[in-house]
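TrEMBL annotations:
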type	residues	note
DOMAIN	B:3-184	domain 'Electron transfer flavoprotein alpha/beta-subunit N-terminal'
BINDING	B:ARG199, B:224-225, B:238-242, B:255-262, B:ASN276	FAD binding site
Amino acid sequence: MKVLVPVKRVIDYNVKVKVKADQSSVDLANVKMSMNPFDEIAVEEALRLKEKCIATEVIAISIGVKKSEDVLRQALAMGADRAILIEAANDVHMDIEPLSVAKLLAKVVQAEEPGLILAGKQAIDNDMNATGQMLAALLGWGQATSASMLEITNGSAQVTREVDGGLQVVNVKLPAIVTCDLRLNEPRYASLPNIMKAKRKPLQAMTPSDYGVDVAPRLVINTTVEPPARAAGEILGSVDALVSKLKEVGVV
Amino acid sequence: MSVLLIAEISGAYIALSATAKALSAVAPLGPVTILAAGDGVDPAPLAALDGVAKVLHVEGADYGHQMPESFSELILSIAPNFTHIVAPATAAAKAILPRVAALLDVMVITDVTKLESADTFERPIYAGNATQSVTSTDPIKVLTIRTAGFDDAPAAAAAPIEGVDPTTGSDLSNWVEDRVVKTDRPELTSAGVVVSGGRGVGSEENFAIIGALADTLNAAVGASRAAVDSGYAPNDMQVGQTGKVVAPDLYIACGVSGAIQHLAGMKDSKVIVAINCDAEAPIFQVADYGLVTDLFEAVPALTEQLK
């Protein structure tokens with residue numbers, strides 16, 4: 001079966017974010033961008049399924065600005081077979097909403113007919129945690145979010161999910177969508193020869209209008225501001241001093 | 001304006017505090033109907049919360065297991081009567097509500113921290129390093145509420161409870177098992193005090209000193225991602241951008257370096273104490289009180305003094 005892996009180009013997780021002066025968004029001009037870390041885990045999991053001869057082809061797809069080609073090349077360098085880029089924005093500050101992304105992905109699924117979609121559980125920019133679930137709904141497929149273990153057997157996926165009280169194990173009929181949590185695997189690094197090879201792997205460029213999907217946002221962004229900073233605290237010299245401070249402010 | 005609030009219920013257990021906090025967040029919008037869907041659940045405590053107009057009670061094994069396919073179908077069957085469909089931002093709601101929103105062709109808004117009006121909401125983005133105010137243009141608003149910043153809705157005279165028929169259900173997914181850790185400690189997201197351990201704790205065995213301090217303070221135990229990834233603590237203890245978000249009166253971070261992803265989960269705590277031998281650790285930038293010392297000496301000493 002084919003495995004489809006949506007990947008998003010986001011601000012690198014080590015970069016300290018700054019808000020733009022006009023409060024329209026976080027400033028993404030001239031900052032380091034990378035593949036969303038959860039999507040890297042999804043790519044890795046897809047590649048492991050291919051190595052176990054469960055997946056026949058791994059297709060990476062990204063929706064966003066043209067530069068999203070970078071994260072697709074990274075997925076290809078890790079070992080994905082081919083890539084699809086849907087250029088849906090020309091300004092990096094325009095975030096395509098999960099509902100629109102899900103609609104585009106649903107169209108791609110109709111054309112490609114994958115048996116499994118592996119996605120990151122959330123993007124670390126908008127932290128929405130929604131695209132996988134929305135796509136599952138639009139396709140009428142089963143879903144398993146926040147996976148920390150995945151096993152494919154007899155037309156279904158057995159997924160261990162990270163939930164509030166611990167773990168939940170569910171069995172989802174294929175085709176299905178599984179979203180990946182931090183502890184599913186540790187993504188591989190791409191080797192230099194594979195980075196070179198990735199440049200020659202097929203990458204199909206598309207636009208939302210090719211799929212007849214309207215990506216107009218449903219949410220109007222009013223302001224983006226930095227949260228109030230905490231006032232600097234004090235370093236105390238001893239446990240005794242700490243205990244008397246805590247008693248003074250009445251928290252113990 | 002009419003609000004449907006999905007109560008957080010696992011099996012027969014109602015997470016009353018999480019539900020009551022979400023209720024106080026949305027009560028200003030208008031009368032609230034609570035959906036109590038579970039397996040063997042007694043909805044009476046939900047009916048006795050202030051601001052509740054009615055409780056809809058429905059039973060089903062899939063609802064008890066919070067299976068998104070069946071649960072979203074159930075919500076869809078009653079959704080047309082409401083302008084707002086909301087739930088506390090729990091793991092289950094995060095799985096279910098985006099699915100509901102997509103089926104209604106509306107955009108979900110997750111982790112709402114403030115309702116500015118009936119259509120305008122605040123939520124954190126970039127691991128809490130920015131706060132965004134958004135206005136929804138959709139006819140139905142589907143929201144999850146980050147409960148840490150809200151108080152529990154108080155008790156009131158009991159609202160009526162009405163039975164609802166379950167919907168057909170889905171065979172797309174099946175529950176296999178829960179591996180849930182039983183604990184006598186308070187629930188992490190609603191505890192008044194949280195003691196958390198990071199990589200500096202060093203091992204699962206050493207986590208006992210974190211637990212001992214927590215028990216002295218009747219606190220919940222938290223952990224950083226590094227501690228969970230290293231196997232020192234189970235995943236459900238993780239505090240941070242992708243774990244739980246807490247805002248207790250007192251948060252004591254022991255051996256936690258303070259990566260931005262961890263700070264995202266605890267920086268709204270009222271008083272933050274950091275104990276770490278590395279004076280340069282970023283956790284000290286958000287801490288009200290810091291001890292630059294060996295946690296293996298300081299934590300047991302603190303436990304002893306607070307007994």
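The backbone N, Cα and C atoms fix where each Cβ goes, glycine too.
All TrEMBL annotations are machine predictions without curation.
All features noted in TrEMBL, drawn onto the structure.
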residue: B:ARG199; record: FAD binding site; CB count, 10 Å: 17
residue: B:GLN238; record: FAD binding site; CB count, 10 Å: 27
residue: B:GLN241; record: FAD binding site; CB count, 10 Å: 23
residue: B:VAL256; record: FAD binding site; CB count, 10 Å: 32
residue: B:ALA259; record: FAD binding site; CB count, 10 Å: 21
residue: B:HIS262; record: FAD binding site; CB count, 10 Å: 29
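Filtering the binding-site residues B:ARG199, B:GLN241, B:VAL256, B:ALA259, B:HIS262 for a Cβ under 8 angstroms from any Cβ of chain A leaves B:GLN241, in order along the sequence. Mean pLDDT across the domain 'Electron transfer flavoprotein alpha/beta-subunit N-terminal' (B:3-184) comes to 96 in this model.
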